[in-house]
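S.K.: Once you've had a glance at the structure underneath, I'll fire off some questions.
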Amino acid sequence: MMRRDRLLLVVTLGAVFTADFYFILLPKLRPRQQGPGEHCLCPLSRGPNLTLGGYSAVDTPWLSNASFVDLQATWFEGLDDSTEGLSKLGRLFAHPLYNIHTPELGAEEKLLQPEDLMGYYRRKVSRWERHMKLYSEAAAAVNVTVPEHQVSFDPEASWLKFHLGINRYALYSRDDPAVTRLLRDMQATAVISADYTQDEKALKGSCDCTQVVKPSGHHLKLALKLQNFGKAMFKPMRQQRDQETPDDFFYFVDFQRHNAEIAAFHLDRILDFRRVPPVVGRLVNVTGDILLTTHNEDLKSVFFTSPANNTCFFAKCLYVCKTEYAVCGSPDLLEGSMSAYLPGLSIAPRISIPNPWIRSYSFTGREEWEVNPFYCDNIKQLYPYNSGNRLLNIIDMAIFDFLIGNMDRHHYEIFTKFGDEGFLLHFDNARGFGKHSRDEISILAPLSQCCIIKRSTWLRLRLLSQDRYRLSDVMRESLGGDTLRPVLAEPHLQALDRRLQRVLKSVHRCVRRCGSGGRTCPVVRE
């Protein structure tokens with residue numbers, strides 16, 4: 001009887017071990033042990049058939065090493081005659097990859113309709129007129145002179161055209177003239193009002209010096225309203241272009257750099273993501289454009305004149321409410337970035353979602369993705385990463401952040417109208433371009449762990465690695481049109497080429513991991 005019980009116990013334990021091995025351990029070991037095509041890390045999924053200059057984006061859903069050579073021959077050769085005489089940036093934007101035919105967009109694929117946006121615009125003008133009337137009456141009662149600012153109601157304003165151009169696929173089309181006009185307007189249009197941004201206002205009286213991560217304030221930013229009621233976020237210069245972030249700085253206490261915002265917009269456009277709102281550099285008169293236009297008494301109260309007779313101001317928050325954290329004009333002019341605001345949340349709701357590869361915002365903590373090599377397997381089982389393009393868009397964002405050196409992507413935002421298939425907004429890039437001498441390879445964890453990438457992204461990265469379209473050269477040329485040129489120091493431009501090669505090597509490692517023949521998984525669909 002005892003022997004029979006022991007035998008039953010052994011059989012039971014053996015069955016439990018076998019089940020654990022088959023259902024838990026074996027799936028995790030298969031990617032390392034199986035032959036090519038048996039268990040690639042990325043699912044085969046087909047999207048809309050986008051025509052890429054005669055080549056279908058989904059004709060070859062799985063690419064092998066040989067396929068990479070074929071694609072290079074298809075896309076990267078035979079274009080010399082048609083683009084002769086153009087600059088590198090001109091040749092890049094003339095390439096078939098940047099001239100993909102997109103279908104006509106229906107009303108549901110556009111973020112806003114003209115009648116809704118114009119109603120929103122008229123309400124903004126009415127609120128402004130009421131506000132100014134009350135403000136003028138209050139000022140007259142205490143014998144204070146209020147500067148008058150000319151305003152204009154312009155149904156053809158560039159910011160309106162930009163908002164109308166936002167669609168399911170990007171913030172603007174490749175050839176949208178409104179973006180060029182908007183950049184010019186943010187650079188030169190008169191400022192009629194200055195105020196703290198909404199998140200800065202939310203911090204008033206709630207700053208907590210015990211926190212490791214400060215909520216805001218150290219990175220002073222302002223909302224500037226322009227003469228035609230367009231709105232831009234102004235981030236002042238805090239760090240010289242040739243300065244690197246000190247090695248002892250954690251990423252969450254790093255400076256925010258105005259030139260990083262400008263450069264990130266240009267890089268995003270060169271990568272053809274078009275997910276960064278337009279940004280341009282501007283010299284702002286801190287007295288005329290901010291102090292004399294603001295109606296916020298808190299903002300007025302932080303202005304002072306430095307011993308060098310420069311006009312300065314600082315953030316209204318306890319832990320940085322000191323003159324040593326101030327930004328100063330020279331004596332009044334201060335350079336900074338002007339980032340276009342997106343449509344208000346009342347007409348274009350957005351949601352903020354934690355990045356699955358969020359970092360630990362403490363001095364000692366580590367997140368699961370940093371210690372679990374199978375982390376992506378878990379993410380791919382979760383909504384909304386278990387279908388559609390969301391995970392591929394996360395990987396696009398990781399590649400973009402790696403190129404600029406941004407470790408601070410803790411959240412991303414999407415427009416709710418477009419649901420799960422909407423693109424990710426690449427907001428707040430001011431912590432990029434801090435170090436040109438170091439490549440933070442951990443930023444690429446989504447790519448290296450998931451081993452998937454959009455075919456269009458892969459093709460453009462390959463294109464930008466060619467001498468004819470070298471990334472550093474086209475970035476230098478693109479940034480050369482900004483008022484604050486040079487926007488980036490030369491070592492940062494050279495770092496882009498080096499980092500691009502590291503992204504390509506990561507993809508090739510995925511090719512080898514999944515196998516060199518048959519189906520392989522790094523390059524997926526558009």
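Cβ coordinates are placed from backbone N, Cα and C, and glycine is handled just like the others.
These figures come from a predicted structure and were not determined experimentally.
Summarising the annotation, TrEMBL assigns active site to Asp408. According to TrEMBL, the feature ATP binding site maps to Lys235, Ser339, Ala340, Tyr341, Leu342, Glu413, Asp428. What TrEMBL records for Asp428 is Mn(2+) binding site. Summarising the annotation, TrEMBL assigns domain 'FAM20 C-terminal' to 303-513.
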S.K.: Within 10 Å of the Cβ of Glu413 (ATP binding site), how many other Cβ atoms can you find? Include all protein chains, please.
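M.R.: Summing over all protein chains shown, Glu413 (ATP binding site) has 16 other Cβ atoms within 10 Å.
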S.K.: Pick out which of the binding-site residues Ala340, Leu342 has the most other Cβ atoms within 10 Å of its own Cβ.
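M.R.: Going through Ala340, Leu342 one by one, the largest Cβ count within 10 Å is at Ala340.
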S.K.: Counting Cβ atoms within 10 Å of each candidate's own Cβ, which of the recorded positions Asp408, Asp428 comes out highest?
M.R.: Asp428
S.K.: Looking only at Cβ atoms, how many others are within 10 Å of the one on Ser339 (ATP binding site)?
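M.R.: If we count other Cβ atoms within 10 Å of Ser339 (ATP binding site), we arrive at 27.
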S.K.: Using C-alpha atoms only, work out the spacing between Tyr341 (ATP binding site) and Asp408 (active site) and round it to an integer in Å.
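M.R.: Tyr341 (ATP binding site) and Asp408 (active site) have their Cα atoms 21 Å apart.
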S.K.: Suppose we draw a 10 Å sphere around the Cβ of Tyr341 (ATP binding site). How many other Cβ atoms does it contain, all chains included?
M.R.: 17
S.K.: What is the total of other Cβ atoms whose distance to the Cβ of Lys235 (ATP binding site) is within 10 Å?
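M.R.: Lys235 (ATP binding site) is surrounded by 26 other Cβ atoms within 10 Å.
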S.K.: Across the domain 'FAM20 C-terminal' (303-513), what is the average pLDDT of the model, as a whole number?
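M.R.: On average, pLDDT over the domain 'FAM20 C-terminal' (303-513) sits at 91.
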S.K.: Taking the Cα atoms as reference points, how far is Leu342 (ATP binding site) from Asp408 (active site) in Å?
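M.R.: So the Cα of Asp408 (active site) lies 21 Å away from that of Leu342 (ATP binding site).
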S.K.: Grab the ATP binding residues from the record (Lys235, Ser339, Ala340, Tyr341, Leu342, Glu413, Asp428) and give me their largest CA-CA distance in Å.
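M.R.: Between the outermost Cα atoms of Lys235, Ser339, Ala340, Tyr341, Leu342, Glu413, Asp428, the distance is 20 Å.
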S.K.: Measuring Cα to Cα, tell me the gap between the residue listed as 'active site' and Asp428 (ATP binding site) in whole angstrom.
M.R.: 9
